[in-house]
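Feature annotations, courtesy of TrEMBL:
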BINDING   Q52, L53, R54, E55, K56, N84, S123, K152  4-amino-2-methyl-5-(diphosphooxymethyl)pyrimidine binding site
BINDING   D85, D104  Mg(2+) binding site
DOMAIN    22-202  domain 'Thiamine phosphate synthase/TenI'
DOMAIN    234-477  domain 'Pyridoxamine kinase/Phosphomethylpyrimidine kinase'
Amino acid sequence: MSLSLCQNNITKACALRKALPLYAITDRRWLGDKPLAQAVKEALLGGVTMIQLREKNLDTDCFLQEAQRIKALCHAFNVPFIVNDNIGIALACDADGVHIGQQDMAVKEARALLGPNKILGVSAKTTAQALAAENDGADYLGVGAVFPTDSKANASEISHNELQRICAAVSIPVVAIGGINEKNISKLQHSSISGAAVISAIFAAPDIRAAATRLRQRLSALLTKTALTIAGSDASGGAGIQADLKTMLACGVYGMSAITALTAQNTTGVAGVSPSTPDFLSAQLDSIFDDIFPDAVKTGMVFSTPLIAVIAGRLRHYQAKNIVVDPVMIATSGAHLLSTDAITALKEQLFPLATLITPNLKETEALTGLSIANKADMETAARKLQAAYGCNVLCKGGHRPTDADDLLYTADGPLWLPGRRVDNPNTHGTGCTLSAAIAAHLAKGYSLPQAVQAAKDYLTGALTAGLNLGHGAGPLHHGWQLCKFP
Ligand SMILES: Nc1ncnc2c1ncn2[C@@H]1O[C@H](COP(=O)(O)OP(=O)(O)OP(=O)(O)O)[C@@H](O)[C@H]1O
Ligand SMILES: Cc1ncc(CO)c(N)n1
Ligand SMILES: [Mg+2]
C-alpha cells in the first residue's frame, strides 16, 4: 500500500513495518563515477524496502532535483522515500517522510510541519531520548551505532543491551543502524528490532544489487517471527489449524500447530469430532516449545475442560506471550465445538492469560449473559469481559446486519474498527482467520490496535477475493495477496 494512501496512524504504522526490514541510506562517497540514481536502482532491485536520501554537501536546487529523481525510482518499486534531516526538501518533493537526528529540528516541530500522514524517523541513543521522541510524534527510531562504523564520523557506539532496552521501552518500531554488514548482522539475532539501516554495506559494495539481496536474506532469517495455533483440525481446510497456518504464512510469520481435536467437517457442517487426549495435546505443546519458541499463540477450538487445563498449564509453564484466545463455541454451520460445561474453564483458565479474546456476537452474549442489539450493547458487554478477566476484548461484528464494524475494548476504553460489509456468503473460518492474523502481527511486534487493524485488512481482502467452494458457506482465499485462483 502506498504510504500516501494512509487513512490513519494505524494503517500508516502497518505500512511502515513492511518498509523497515532493509533500510538503505545513500552515501555518494562510495560510488565513484556511478550516478546515485543508478546505485539506488540496483539497491531496489536487490530488495531494499526503504530508501533514505542523505546529502550533506549539495546546494538546495541540486538536492531537490536528486530527491525528485530518487523518489520517482522508489515509488516505481513501491518503496517509501525518506529525506534525511532537510524537511524543506522533503516537503518540496512530497517525500514519504523525514529522518532527523537529536541535533536537528525538534521532533514536535518536525511533526507539525510534516502533518500526521508523513513518516517521521528520529535517531536515539538512550531510552530517555527514545521515549521522548515517541511521545513527540516519531513513527520509528534509528538506534545506533550498534557496530563500529566508517559511514559517520564520531558516531559513538551503543551496547546491544541498550538497544534491547530501547526496543522494550517503546511501542514504535526500532531500526538498528551503524556498521551493520552481512558478517555481523547475525549478532542482532536476539534483539527486537524491526529492521536494519545500512549504508556502506550496500553502497560501497562492488555489486550493490547482490549485496542488498544477501542482506535481505540474512535479515529475513533474523526477523522471521513464529506463531503457534492450538486449535481443531477442519478437514475442509477453511477453519481451524488449516486456516490458521495459511493465514500465518500469508501474514509473513512461520506457523506451528498443536491439534486439540479432529473434525470431519466441510462447508455444510460437522459430521464428527474426535478430541485429542490431554496427554497427547501436552506432548504436542512440549515438542513445539522445546524447539521453536512461538512469538505469539492463538487458541481456537479447545473443546473440553481437560484440554483447556492442559493448554493453560503449558502456556503458564512456558510463559508464552502474545496470546490470542478465540472462544470458539459454535461453528458457522451450527455445530457445537465446545462442551457446554467447558465455558467456565475457558473463562477462568484461558481468559486471564490472554492478551486478547475475540468473541463473535453470539459468543459475547453467551459469555456475559447480556443480549446484544446494537453498538452500545457491544460496548457494555466488552467492558464487562475486560473488567472481569483483565484481558483486552475484540467483539467481532461479522454478524451485524449492515456493517462489519469490530469493537476493540482495552484499558483505554473502546476503539471501533470500521468494516465495510463484503457481499459474500462464503464466510467459513472468518473468526479463525482473523484471530490467527492478529497473532501473526503481534508476533511481528505490532501494537494491539495495529495488529487488529492489519488483521482486519487481511481478512477483508480474503473475503473480497470471492473464493466459491463447497455446497455451503465456503472458505476464504487466504492466499489472496500471493496468488489468484483461476
Ligand atoms: N461479510 C463480511 N464482510 C466484511 N467483514 C466480515 C464479514 N463477515 C465477517 N467479517 C469480519 O470477519 C471477522 C470475523 O468476524 P465473525 O463475526 O465472522 O467471527 P466468527 O463468527 O467467530 O467467525 P467463524 O464463523 O469463523 O467462527 C470480523 O473482523 C468481522 O468484521
Ligand atoms: C476446527 C474448527 N475450529 C473453529 C471453527 C470455527 O469456525 C470451525 N468451524 N472448525
Ligand atoms: Mg468464531
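Glycine residues also receive a Cβ, built from the backbone N, Cα and C atoms like all the rest.
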Residue pair E55 (4-amino-2-methyl-5-(diphosphooxymethyl)pyrimidine binding site), D104 (Mg(2+) binding site) - Cα distance, angstrom, rounded:
14
List the Cα distance (Å, whole number) between R54 (4-amino-2-methyl-5-(diphosphooxymethyl)pyrimidine binding site) and D104 (Mg(2+) binding site).
14
Mean of the pLDDT scores, which run from 0 to 100, over the domain 'Pyridoxamine kinase/Phosphomethylpyrimidine kinase' (234-477):
95
What's the number of neighbouring CB atoms sitting within 10 A of the CB on Q52 (4-amino-2-methyl-5-(diphosphooxymethyl)pyrimidine binding site)?
24
In angstrom units, rounded to an integer, how far apart are the Cα atoms of N84 (4-amino-2-methyl-5-(diphosphooxymethyl)pyrimidine binding site) and D104 (Mg(2+) binding site)?
10
DSSP on R54 (4-amino-2-methyl-5-(diphosphooxymethyl)pyrimidine binding site), three-state: which is it?
coil
Enumerate same-chain residues with a sequence separation of six or more from S123 (4-amino-2-methyl-5-(diphosphooxymethyl)pyrimidine binding site) and a Cβ-Cβ distance below 8 A; give 'none' if the list is empty.
H99, I100, G101, Q102, L141, G142, V143, G144, I177
Can you check what DSSP calls D85 (Mg(2+) binding site), collapsed to helix, strand or coil?
coil
Can you tell which of R54, K56 has the least company, meaning the fewest other C-beta atoms within 10 angstroms of its C-beta, among these binding-site residues?
K56
What's the CA to CA span in angstrom from K56 (4-amino-2-methyl-5-(diphosphooxymethyl)pyrimidine binding site) over to D104 (Mg(2+) binding site)?
13
Given a separation of at least six residues and a C-beta threshold under 8 Å, show me what packs close to D104 (Mg(2+) binding site) in the same chain.
D85, A110
Taking the binding-site residues one at a time (L53, E55, N84, D85), which has its Cβ surrounded by the most other Cβ atoms within 10 Å?
L53
